[in-house]
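Lifted from Swiss-Prot, the feature list:
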DOMAIN    30-212  domain 'BPL/LPL catalytic'
BINDING   R69, G70, G71, Q72, I73, T74, Y75, H76, S141, L142, G143, G154, L155, A156  substrate binding site
SITE      K138  site 'Lowers pKa of active site Cys'
ACT_SITE  C172  active site, acyl-thioester intermediate
Amino acid sequence: MNHLIIRQLGIQPYERIWHQMQDFTDQRDEHSADEIWLVQHPAVFTQGSAGKSEHLLTSSHIPVVQTDRGGQITYHGEGQQIMYVLIDIKRLKAQGKDISVRELVTALEQCVVRTLEDYGIDGYPKPDAPGVYIEGKKICSLGLRIRKGCSFHGLAFNVNMDLTPFSHINPCGYAGLEMTQLKDYISEDNAQCKLVASKLVAHFCNILGYNSQKITNKSEIQAV
């Protein structure tokens, strides 16, 4: 049986959660349960390990953090649902699951696509630009780091937020890439991070076959 711990962390500074993910990954062993961390961050730009400084177009009051995830620069802010996936990929392989880093990325993209389908929205991934898009606009960004055969970092789904800071950057390294969010397609009452988080978790668990969940921190996420 595959066990998964889901942590609902509220609004937390980016660097605190990033360092906690690093510590968790460094300290986990073959008996450590996989975890999902659900969180929102106060305004911050994060630069991926392959990030180029020219993709930060203008300076602002928003801090820039150089991080160890894959990819280029992106923006995080309140109203964006983050789902970090701390998954022991090598253990899943040992259990007979056909999974690679690329397939984990695909699973993340598909859980977003299925979440959008729940709202009657047609979203899709692009083979040459990880993430999920609606009519050419990006609604979800992805970035992972693999250490000791285990993943951390994850996805950022724009739900109901101020998209203006994206104008200070080339999002994910793509000049002119337009960003979008869920509230542009449904009523604002329904564009809530807690509702999106519940759907993301359910679809992710179904895709990867997690059949037992432990929910912590008074999460409103419902087990599947």
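Positions of Cβ are set from backbone N, Cα and C atoms, glycine also.
Recorded features from Swiss-Prot, shown on the structure.
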{"residue": "R69", "record": "substrate binding site", "Cβ neighbours (10 Å)": "21"}
{"residue": "G71", "record": "substrate binding site", "Cβ neighbours (10 Å)": "22"}
{"residue": "I73", "record": "substrate binding site", "Cβ neighbours (10 Å)": "26"}
{"residue": "Y75", "record": "substrate binding site", "Cβ neighbours (10 Å)": "25"}
{"residue": "K138", "record": "site 'Lowers pKa of active site Cys'", "Cβ neighbours (10 Å)": "23"}
{"residue": "S141", "record": "substrate binding site", "Cβ neighbours (10 Å)": "26"}
{"residue": "G143", "record": "substrate binding site", "Cβ neighbours (10 Å)": "24"}
{"residue": "L155", "record": "substrate binding site", "Cβ neighbours (10 Å)": "24"}
{"residue": "C172", "record": "active site, acyl-thioester intermediate", "Cβ neighbours (10 Å)": "22"}
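Note: the CA-CA distance between G143 (substrate binding site) and the residue listed as 'active site, acyl-thioester intermediate' rounds to 10 Å. Each residue contributes its Cα atom, and for K138 (site 'Lowers pKa of active site Cys') and C172 (active site, acyl-thioester intermediate) those atoms are 10 Å apart.
In the predicted structure, the domain 'BPL/LPL catalytic' (30-212) carries a mean pLDDT of 92. When the Cα atoms are compared, G71 (substrate binding site) and C172 (active site, acyl-thioester intermediate) turn out to be 7 Å apart.
Counting only the Cα atoms, the space from L155 (substrate binding site) to C172 (active site, acyl-thioester intermediate) is about 13 angstrom. Distance noted between the C-alpha atoms of R69 (substrate binding site) and C172 (active site, acyl-thioester intermediate) is 12 Å. The Cα atom of C172 (active site, acyl-thioester intermediate) lies nearest to that of I73, taking the binding-site residues I73, Y75, S141 as the candidates.
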